[in-house]
Every structure is written in C-alpha cells, then in structure tokens.
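Q: Before I ask anything, let me first share the structure, which is written out below as structure tokens.
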Amino acid sequence: MQDYIGWVPLLPFIGFVLLAGAALFRKQEIPETLSAIIGAGSVGLAALLVALIGREFLANGAEPFTVTAWQWIDTGGLQAGFSFYIDGLTLVMLGVITGVGFLIHLYSAGYMRGDDGYRRYFSYLNLFVSAMLILVMADNLALLYLGWEGVGLCSYLLIGFWYKDAANGAAARKAFIVTRVGDTAMAIGLCVLFMHFGTLDIQQINGEAGAPGVDAGIATLAALLLLGGAVGKSAQMPLQTWLPDAMAGPTPVSALIHAATMVTAGVYLIARTHPLFEASEFAMMAVATVGALTLFIAGCSALVQSDIKRILAYSTISQIGYMFFALGVGAWSAGIFHLVTHAFFKALLFLAAGSVILSLHHEQDIFRMGGLRKKMPVTFLSFVIGCACLAALPFTSGFYSKDAILLQAWNHFGGLHWLWLLGTLGAIVTGVYSFRLLLLVFFGKEGSASKHCNDANTAIMSGPLLVLCTLALAGGLLTLPLAGVFTTDPAQTGQLVINHTAEIIAIAAPLIGLAIALFAFRKGWFAENAGSKTWFGKQLAPWWRNGWGFDAAYDALLVRPFTGLAGLNKSDIVDSFYKFTIQVSQVLHRQLSATQTGQLRWYAMTMVAGSIFILALVALL
Amino acid sequence: MNAEALQALTPILTLSGVIILLMLIVAFLRNHRLTLGLTLLGIAVTVWSTLNVSPLLETDPIAVTGLLVVSRESLLFYLLFLLSAAVVSILAFHSFEQGTAIQPEDSGEKRNKGDFHTRPTFQEEFYLLLLISLLGAIVLVSASHFATLFLGLELMGLALYALIAFPAIHANRNSRSKDQALEAGFKYLVLSALATAFLLFGIALIYAQYGQLQFAAINAAAAAGQGTPVLLAIGLVLLLIGIAFKLSLAPFHFWTPDVYQGAPTPATAYVATVSKGAVIAITLKLFSDIGAFEMRAPMQVFAVLAVTSMLAGNLLALQQENIKRLLAYSSIAHIGYLIVAFLVGRQEFGREAVIYYLVAYIVTTLGAFAVVSLTADYARRANTQSSPYRISFYKGMFWRSPWLATSFTMMLLSLAGIPLTIGFIGKFYIFAAGVQAGYWALLSAVILGSAIGLYYYLRIIVMMVQRPGAVVHDDASSGEVSPGEVSPSAKLTHEGVSIAISGQMVLAVLTVALLAFGIFPQILINWIQ
C-alpha cells in the first residue's frame, strides 16, 4: 500500500483538474451533485487511502519511509524531488487533513447548495487539500514550500470567494500580503539552510542540526526565519491580523483552512524541523514567547467580539498560540496532540456556527441571537461539545491536550514562570469566552434574528457535525504514533514528571472560567451595552475588540507611509523621460509625415537630393 | 551550352512556357477560374522542375553561358517567390470576385455587386502580368552579369507598373480609386525610371573601368589592379541608389506608401515581398561576387541607409491610420533591419541571417496583406460604407471574425519580433550578426526602431480585441490622413459573412509556417545552409 502514497495528494488534484477543467468542455455548469461527488469523493478516497496506509504503517512498527515520484529540480547542487517522507507526524497530519477535510467537504455540499460558484468552490477546496497534503508529505523544504504557497493561494481564492463584494477582495488581499511577509522570511530561511547545509532535504538538515557541534548562530538565524514563516501562516503575533478578516470566506472554508488545517502548517513546520529549533535556546524561547503572548492577546480579543465567526477566529489564533507555546517548551507531541484535538473541535464549532448563520439568514451578530437551543438541537449539541472542548473541561479532548501543554511548560521552566502564568490565565479566559458564546447564542431571551430561525441543517450537514462531535469528545483517548519522531520529548521517552500542583491548577482554570461566565451571564454583564460607562467598556473593550490595535498600528506605520511614498513617486522623473520620448516620437512623426506630400516632383527631387547627400557622404568619408 | 546547363535552366524555361501557353489560352477563352487554376498549375510545375534541378547542384553552381548562374541558393529563392506568387494569385482571385482589386480604395459611392460583372473585364491579364514579373524576379536572382541583372529587373518592374495600375484599365469607371491606382502606377514608373538611370550610370562607370559586365570578371580585374578603385566604388554607390529605391530605403522611400495604398492589395503584397526579395537576393550575390563587402564606401552608404530607414520607417508608421500605408512604412523599417545583417554578408553567418530574415519578412508580410485583402473582400461582401483599409475598421474584429483576427495578431507579433514567431528568430539573427560584427550604433537603431514598432503593431492588436461599441481612448491622429468615422465597424451587420475557404487555407498555411519556423527554426536553417 505504501507505494500508493503519491495518490493521496494526486486524488484531490485530479478532482481540482476535473472541476476546473469542466468549464472548458461544457458551456453550462455541471450539475451541483456531480461537483459535490467529484469534490468530496476525491478527498474521501484520499482519506480511505490514508487509513489503509496508516494501518499498514502501524503494523510495520511505524518505520518511516520515503517514496519518490520524480526528480523535480536538479541544478547546481540543489536537488529536490517530488518525494514524500512518511513518518508518524506526517501520518497524523494526513489523517487530520483528509479526515476532517472530507467531513467539511460533505458539509459544504449541503451548505453551499444553490451558490453560483458551486463548482468553483469545490475546485478551490480540492486544490487546497492537495497543496496541504504536499506540504506535510514533502521530504524536502523546496517541495514543502510549493505546498506552503499553494495553500496560501487557495486561502486567497477562498477568502475572496464571494468576490463581488469589494470588502471580501480586500480581506483576501490582506491575508495574502500579510502571510507573504512571513513567507519571505521563510524563503530567506531556506536559502540560509541551503547555504549552510548544502541541501534542502529535511531529514538531512535535522540530522546535521541535531548533531553536536552545530553552529548555534546559524541554527538560531535559520530557526528564527522559519519561525517568521510559521507565524505568518499560523496567524501568530505579530502577523495575526489577517485571520479575523479571513472570515469573509464561506464558513466551511473557515472551518477547513482557518481552523483545522492550513493555519496549523506553521506548527507542523516547526515540529518537522524541531532538531533545528532545539539547537538554539533562543529560538525555542522565541517560539514559546510568541505562543504565550498570542494566546493571551487573542483570548482577550475573543472575549469582547460580537460576531460569531470573529470569536471563533480569535479563539483559533489563541489555540494555535497554545500549540506554539507547547513547541517552544519542547512539548512536541503535546503540541501536535493539541493540533489534532483542535482540528476536531474547531471544525465542529465552525461548522455549527455555519449552521447557525445559515439558519438565521446570514446573521452573524451574537447579540441578535439567543435562545436557539430548542430550535436547533443538533447544532446546540455540537456547540456544547465544541465549547466544552475549547474551554478544556475535564474529560473532553481539549482537556487532555491543553493539560499536557501546561504541565510540560511547568516542568520546562522548573516552576513558576511568567509564560506559564500567561498560559494558565489564557485557559481561564478561554473558558470565559467559550461559554459567553454558548450562553449568548443558545440561552437567554430570543434575539431579533432568532425569531426568524429556520433550521437549515440537512442530513448531509448534520452527519459531519455528529461525527465531529464524537471525535471531539473521544479524541483525547487517541494515542498518536509520535514516539519515533520526537525522541527528545519527555512525554515520549517516559520521563514525564507529573507535578500535582500544576495539574490541579490546569484542571481548575477552565472551571474557573466557566464559573465566571455563568456568573457574568446571570448578572447580565455580557449584554450588548453592559458596562459601556465603565473604564473597561470605554477603553479596554474597544481596544481588545480591534485586536489590540495591531491593525491600526500597521496601518499607521506601514500602509500609510508606503502609499504616501508611492503617491509621491507617481509623477517621477522616470515617467517624464517616457513622456518626453513619446512627445519626441510624435513630433518626428508629424514632421516626417509632412514630407509625404504625394507630389511626384517632390519625390523625384528628394531622390536627387538623397543621391547628392550620399555621394557627398562618400566623398567626405 | 551543354545539356547540364540547359537542365539547370528548366525552371526559367518552364515558367516562360507557362506564360506563353496562358497568353494563348486567355486570347481564346476568358474564364477567371480557369486562369487561376492554370496559373497555380504552372507555378506547381515550375516548383516541380526547380526541385528536379536541385540534385544537380549538390556540389557546385552551374553557370549558364556567362549570363546566368544557378545555385542552390537561387533555387531557394525560386521556391520562395513561386510560393509567394501562388499566394498572391489566390488573393487576387478573391479580390476580383469581390471587385476590390479594381477598386482598392473605397470611394464611398454606392456599389452594386452585379455592376462589375456585367461589363467585359480583363482580370485574366493580372495573372499573366504576375507570372511575367515572377519570371523577371527569377531571372534577376540568377543573374551573374549586369545585362541579365538589368533585364531581370526591368522585366520584373515593367510588369509591376501594369499590376499596380491594374484598376485603371477599366476605363469606363470614373472613380477616385481608379485615379489612385493610375497615380500609383505612374509614380512608380517615373521614379523607377529615375532610379534606373542611376543604376545604369553606375554600371556604365564600372564598365568604363574594366570593360567587363560579368560580376566575377570585374572582381578578377579589380583584384589584378586594373582601373581606379575610387571609380568602382562610386559606380557601386550609384548602383546602390537604384537598388535602394527598389528596396524603398530612406531617403528613397517616398513612393512606397502611395504605391502600396493605390495598388490593388494583392499587387501590393507582391511589390512588398517578391520584388523586394529578388532585389535583396541579387544584391547579396552581386556584392559577394564583385567583392564589394571589402569596400568601404558602399558598405558605409548601406549602413547610413539602414539607420535612416529603420528610424524613418518606424516613425512614419507611428500614428498612421491607413493599414496599407502603415504596412508600407513598416516594410521600410524591416528592410532597414535586414540591411544590418546584410553588412555582415561576407561571412556565412551573415548570409544566413539575411536569407532567414528575408523568408521571415516574406511569410509575415504576405500573411499581413492576405488579412488586409480578405478583410476588404468581406467588407465588400457585407457592403459596408466605411473604408476597410482604415485601422478603425479593425476595431472589435476579434469578436466578428476571430480567425482572421488571430492570424493577423500572429502576423503583427511576428513583425514586431515577439518570440515563438518566425519574426523573432529573424530579428534574433540580425542581432547575432550585428553583435558578431560589433555594429553597436546600428544595433541601437534596431532596438530603437523595434521599440517604436511595437507601439503601432500592438495598437492594431488592441484595436482588434476591443469590444465593438467600447469607448476608445485613442488620441492618435495622423498628420496625413484625417481620422475615420467613429467606430465604423459598429455599423457592420454581416453576421454569417465568412471568408472564402481557399483564403482561409492560405492564411492557415502562412500562420502555421510562421509558428512552425518560429518554434523550430532549425528546419529552415538547415534548408538555407
């Protein structure tokens, strides 16, 4: 089976080609059902293939293997093939991408019904899945970069999917440009790695970086540059600003790309090259700091949002912050574990939010919702499970992963540390905003939009929701085959010391959050205009709501000066040179045209004059 | 004259026979379709005989008496001219059928299709004249003697005057277009006479020095130290003036736009391709036989003419509104480019570059004029009131007749020298030749000219892809011709009007050749070598 691994990215790609190419051969749109079958079917087949390969892989003792499809680049010492490296980490990612991806495709088939761009939607989605699979399967950084840019492109296409609204186009451009900042850093990082190690093969680089005596300066530089790419793609500080705006795309897209898969690419990249990061104390600390700050900042922002999707967007940023935090403290497998459970419950939450939005006729303001629990039972169930996992209540999947992160962070820092404190505070905040969302949408009085609620869940939408519910609840019991990948992780080597104080605090934090949320809801503090007179409502809440002013700062520091400079340069000296050329050409043209009089005598005369000129020339030279 | 020499002469003899036969047939039986068929058949037979001669010339060229030399290179030109003439005759056929050939420039008056066919016409003579001119061209490229050179040149030219002024023979037709054709023919005749005077004077000067008219003999005599080199150089320069006129190199280019515009489009295509190609070919031969590549004066004159032509041609075409005049100016520039390679003609690579560029120029120019001619034909059939020779007529053409517009786009891109077309390889050759010889000043003129050229070629392409009825911001206006009516094409209502199958095939063949030689230049390079 392992030889067929190449078909995993190829199947969705074939789906993309079929869907995109359909327009070339048929003047009319192909039927929606056919689009859905091609779109979801190709990913479903890929998921099946991954499952079969995974079973064989585990049966063989989780031995990593490489499959080369063909040589892609072979020039000047740089060799990069379409070759795939499969180990436990890759397999986990493959499972998440194809499995969760397939469920989201299924859900989309119902959600997008009736949209003009139905076929286009599925073609983009398939291309995205294909690119993401290439990203995680690549055995060299060049191929990884191909997948990396591929998912960036698809993200751009899908955020701007409803391109007729100019705001969506702007959001798409923002996502593309902001992540491009990170991508540039990453590209430079690849160059640094290639210059130093003479290869882009990931296992070789890992091997050399893990060996003693590696140049710490180079390792730090390369790791920080890769981190730059990762924070861009994974929406971490300081490049997190694109993700909330990316909610302009269709909701299942947010579920697939901006929660479950693409944004975790940064986490995957760091985990994949972890020996490089381990070689640099500074880089590890940087990853942990980025993660801890992001998780706290984004959590606070989520606390004050009023748009259901923006709350989830900020919670995504915050949860990925946890993953980065985990990576930074060397809790590699805990980070990946959180990636997996997060993929389950965040996909669940986004899809459930999609159902709410669709049922309320595209209403996204949570203050106009409320009391929906009776009207939408399946969605309500999904939300309860999703929020419980997000908040990491005990015995949900989110609990197992987040608990492991906080525990290992405590061990890593050897006791109390401000980053650990941030993480724990973040857990409380997470509990508060999760249940604020749940309570405002499904409990309390019916809002203005709830009255027109019309449960839009069809079987094809409820099915994936229920499957994801099960996964989100039971996901914590999974054992990921990561032992062979993260050999330095104490959780994998069995050296994990369990500190009971930290353990208790980690369990208590989400419960405290829940309690605060319930209390505040009772008191009415979550109401739309509650506390607008206080310092919190006047100063802090708007600041947090706007993402701690990052957008405004970038606008003032970068965008405005840049457009200003560009405006200054509009009528520059170079332009005037071209204008001058045009004018000279036109003048010469007119003067020469004037010589074409059409008179024979004049023509004969010019011939004679020309001859004299030429003879004079000969005489002179 | 031995049997081998006679055999080497078969293409010329065959073509002469065809002409006499056709003349006799036309005298007794006037049938347009039959005449075209016979013309094409005659050309095919001549092509066949040319191909038969080729094995004879594996090693050496064959000298036929002292007057002609048949080499593999001249056979290549034979084929090129024969095929061009075939294209021209097919275009002429369509033009006559639609009546555009005898009325090349629209006079704005009301036309009736039947009007033209009711009175006796003499369209068959067009093919006869075409073949005679073609014979002249073939004789010209095989000349090795000033007498044959003059004979070929005049045979080609005399038939050409009639071809250009062809619409004028319809004496009962009193229109501006008839006058224009007559004017064009007359201008060409008078100015040619003037040019020929220079040419003959040049030949006379050379003859006065060496007492020889054969190229090789003159070279031998000059090498032996006879005569005055200065007079030889001056003779060559005078000769060059005559040649420059035929090639319409600036400042001897003034006739070009008027003649191109006034002549029936197929005749224009012939003037632009075969007539110029033959002169280039013989000049190349004359210069290498007589050793003129080693002489300073003629080469410098040529270099100056090349620069002036490149600049003047492109600048004149810049805002031209009449497509035939635009192509005329563009041809001036193109011959200018060609001369750059010609200056390196002493070396094998330079010759190769000249021939390659010539083939590229002929294929592309024929294609461009084919589009112009077919467009005019179909405009005639659609009975439009606006002139089909205005650039504005091409507005939105891509949406009306995508096939014509696509081929025209190819031709224009090739003229502009965009990669994947034959024109690019041709221009690349020019650059390579120029760089090899280190002609930096000339090359910068080539670059400058090409940059200007891009503007007016692309302008037509942009015009063609505009949606009909779209507002155009085209501030270009010519100093010569006042701009046409606003969007004349919008008035066209000719759904279902299509161009004839044979015309489409001609275009298809030319487009395919243009792309094929643009993508796989090696095929053509091998033939040339």
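Every residue gets a Cβ built from N, Cα and C, even glycine.
Bear in mind that TrEMBL entries carry predicted annotations, made automatically and left uncurated.
Note that the structure is predicted; figures quoted are calculated from it, not measured.
Annotated domain 'NADH:quinone oxidoreductase/Mrp antiporter transmembrane' per TrEMBL: B:143-452, in sequence order. Summarising the annotation, TrEMBL assigns transmembrane segment to B:6-29, B:36-55, B:75-93, B:126-143, B:149-169, B:189-210, B:230-255, B:299-319, B:326-343, B:397-425, B:437-458, B:506-528 (among others).
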Q: Can you tell me which of B:149-169, B:189-210, B:299-319, B:326-343, B:397-425 gets the most C-beta pairs within less than 8 Å of the transmembrane segment (B:437-458)?
A: B:299-319
Q: Are there residues at least six beyond either end of the transmembrane segment (B:36-55) with Cβ under 8 Å to its Cβ atoms? List them, or say none.
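A: That would be 7-8, 10-11, 14-15, 18-19, 21-22, 25, 70, 72, 75, 78-79, 82-83, 85-86, 89-90, 93, 127, 130-131.
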Q: Do any residues of this chain, six or more beyond the ends of the transmembrane segment (B:149-169), have a C-beta under 8 angstroms from a C-beta of it, and if so which?
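A: Apart from its flanks, the transmembrane segment (B:149-169) reaches 101-104, 122, 125-126, 129-130, 132-143, 177-178, 181-182, 184-186, 188-189, 192, 196, 199-200, 203, 246, 259, 262-264, 267, 270-271, 275, 278-279, 282, 286.
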Q: Find the member of B:6-29, B:75-93, B:126-143, B:299-319, B:506-528 that has more C-beta pairs under 8 Å to the transmembrane segment (B:397-425) than any other listed stretch.
A: B:506-528
Q: With the transmembrane segment (B:299-319) as the reference, find which of B:6-29, B:230-255, B:326-343, B:506-528 contributes the most Cβ pairs under 8 Å.
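A: Comparing B:6-29, B:230-255, B:326-343, B:506-528: B:326-343 has the most Cβ pairs near the transmembrane segment (B:299-319).
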Q: Looking at B:75-93, B:230-255, B:326-343, B:506-528, which one has the highest count of Cβ pairs under 8 angstroms to the transmembrane segment (B:126-143)?
A: B:75-93
Q: For the transmembrane segment (B:75-93) and the transmembrane segment (B:506-528), does the number of C-beta pairs under 8 Å, pairs 6 or more apart in sequence, reach 3 or more?
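A: Yes, the stretches contact each other.
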Q: Please indicate, using numbers and ranges, the residues of the same chain that are 6 or more beyond the transmembrane segment (B:326-343) and have a C-beta under 8 Å from a C-beta there.
A: 247-250, 253, 256-257, 259-261, 268, 272, 276, 280, 283-284, 299, 302-303, 305-310, 312-314, 316-317, 320, 350, 353-354, 357-358, 361, 365, 368-369, 372, 391, 415, 427, 429-430, 433-434, 437, 439, 442-443, 445-446, 449, 453, 456-457, 460
Q: Which bits of the chain, at least 6 residues beyond where the transmembrane segment (B:506-528) starts or stops, bring a Cβ under 8 A of a Cβ in it?
A: 76, 87, 90-91, 352, 355-356, 359-360, 363-364, 366-367, 370-371, 374, 403-404, 406-407, 410-411, 414, 419-425
